[in-house]
Amino acid sequence: IVTVDCSDYPKPVCTLDYMPLCGSDNKTYSNKCNFCNAVVDSNGTITLSHFGRC
């Protein structure tokens, strides 16, 4: 199981770094910050499917 530590999130601003992650909602997030903000917003219902684009 692959996981990402989102304990430091949410953050008000994300960088534009492009290191895509695929969420369990089948959406590609451009980087960890955007992914973790979505995880927090979803109350943890979104999880990491895999690294890279969906």
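One-based numbering along the chain as shown.
Yeah, the Cβs are placed from backbone N, Cα and C, and that goes for glycine too.
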Candidate cysteine (CYS14, CYS22) that Swiss-Prot pairs with CYS33 in a disulfide: CYS14
The domain 'Kazal-like' (4-54), counted residue by residue under DSSP: helix, strand, coil: 10 helix, 9 strand, 32 coil
Lowest local Cβ density (other Cβ within 10 Å) among disulfide-bonded residues: CYS6, CYS22, CYS33, CYS36, CYS54: CYS54
Candidates CYS6, CYS22, ASN43, CYS54 (recorded positions) with Cα within 10 Å of CYS33 (disulfide bond): CYS6
List of residues, in chain order, with Cβ under 8 A from that of CYS14 (disulfide bond) and at least 6 apart: ASN31, CYS33, ASN34, ASN37
